[in-house]
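Record features, source Swiss-Prot:
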type	residues	note
ACT_SITE	Asp212	active site, nucleophile
ACT_SITE	Glu269	active site, proton donor
SITE	Asp346	site 'Transition state stabilizer'
Amino acid sequence: MKVVPSEKIKPNWWRETSVYQIYPASFKDSNGDGFGDLEGIISKVDYLKALNVESIWLCPIYPSPLKDMGYDVSDYKQIDSRYGTLEDLDRLMKALHERDMKLVMDLVLNHTSDQHEWFKESRSSKTNPKRDWYFWKPARYNEKGERLPPNNWRSYFDTSAWEWDEATQEYYLHLWSVGQPDLNWETPKVREAVHDILRFWLDRGVDGFRLDAINMISKDQRFLDAPITDDRYEYQLAYQYYANGPRIHEYLNGIGNILTEYDAFSVGEMPYVLDTNEILHVVGADRRELTMIFQFDFVDLDLDPNQHKYIEGSWELSDLKKSLKKWQSALLSGGGWNASFIENHDQTRTVSRYLSDSPKYRAYSSKLMALFIIFQSGTPFVFQGQELALANIPRDWPIDEYLDVETQNFWKLFMSGNPSQEEIEKTMDIVNKRARDNGRTPMHWDSSPNGGFTKAGVKPWMRVTNDYKEWNAANQVNDPESPYTFWSKALELRKELKDAVVYGSFELISEEDPSIVAFVRESSTYKLIILLNFTGNKVSYDCPLNLTSYEILLDNYKDFICMTSPVTLNPYQAVLLKL
């Protein structure tokens, strides 16, 4: 069924833009310390402009102890010296704005670092004025008199979500690491401080924000025990109590009112939201909350039913189609807006995870994902290296090369159970497939030592993957057949055909086909068909539309023939057609 856009969807720059996500530590090191920096990003602005992306999202670059690579912020109004200075950020902003590009900052508002002055004050005494800026609770005790956390919530890093503070004899809440205490948004002064941070950056010229874990800021104040859904663990995921809590829309409206004043972009990270109506309450055109959100249906397709990433799950193409239809239909017709993504700093490389990173099909797979992401309704997000078909960490790397706190905490917990060698190998297979580290390895700029990320002889903060000599930017930017060129052309066509791609209708066709994802984007000016073979097999496809009069705009094999059905699609073939 064709889904027609709601009349509430009006032209706006953030609907028409495309966003390139930069993980600064791994993008480009300019000074030879092995750590990416703002000067390195500035040196690659023209590379990004040529890719045809129009907005740049920077992962956190604020001062931080780096317990969670910058998502533990110790000062919201400064730049970490590893990355540069406020003046360097101003120069980056100037370089982008001169090229009609935008800058989006990453704001972490659910929690701070335990080194933030707010938390230092809060933990200093029970009577400190900032004590209620965080969640502090007394201990529970079992029948043996042993001290227990206030409830059984598990952090995202597989420990208790509560940490004991010896000095004040209470626990504080941390949904992430012990170094990331959760802010208490119930306290009005916390909200005032957050609003001040937003205005600080907007007044400086920033064009918008990605808001980390933003649906965690309102929590059920009863702090009930979570149901036991995974009996392997003492502590349990409790998202029903800390995600999308009772005051979430009040808090988001406070943020949205400020963003609206500046016509600013906002995308909220909102895991555990499956109800499209709940999302429309956030991103509806008349809601004044956020402009779009990241929902996780696509990237959670292969998780087990309890959403534990290190248990092997499975997925079918029909699952992806159901999700695509659900979100495209609900938000387009309901006056909301999608953020179209499948890779980021918390996910793995899609050529490895969902398609094929074999030498034969890797480039084709990357190009397929370009059409899938870019031609949906919504604002497309490209993660650094995705345009180069970068793949996951090699399977033979030892666990010591995986530096992420999530991976290390999981492995420590797993090994504490004295697993067999067979269990270790099987679990390592899953870690290699799912670990966040996969998206965080340094960029491949050229075939020089360290892939051009940093100088020869310098040890980068994280190891560069082995295949940088074959898969790098220098090899691709001038190659008309490369993944980079294909992504660039697709992004350029999105701009040229915005009547259909940005503001047109959406229709999923051939819903029962087990191999092909096919959809139509249409306006009064254009009719586009996107055909994607998600399998490693050559497929005969019976298209319900007569393709004989269509023009081929993009084809990752350059051999598609517009003819009456059935048509043939090669393994991982992706075709964009225009009537």
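For all residues, glycine too, the Cβ spot is worked out from N, Cα and C.
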Report, in whole Å, the straight Cα-to-Cα distance of Asp212 (active site, nucleophile) from the residue listed as 'active site, proton donor'.
5
Could you state the CA-to-CA distance between Asp346 (site 'Transition state stabilizer') and the residue listed as 'active site, nucleophile' to the nearest Å?
11
I want to check the contact list for the residue listed as 'active site, nucleophile': same chain, sequence separation of six or more, C-beta distance under 8 angstroms. What comes out?
Pro60, Tyr71, Asp106, Leu107, Val108, Leu109, Asn110, Glu269
Would you identify the secondary structure of Asp346 (site 'Transition state stabilizer') according to DSSP, in three states?
coil
Within 10 Å of the Cβ of Asp346 (site 'Transition state stabilizer'), how many other Cβ atoms can you find? Include all protein chains, please.
19
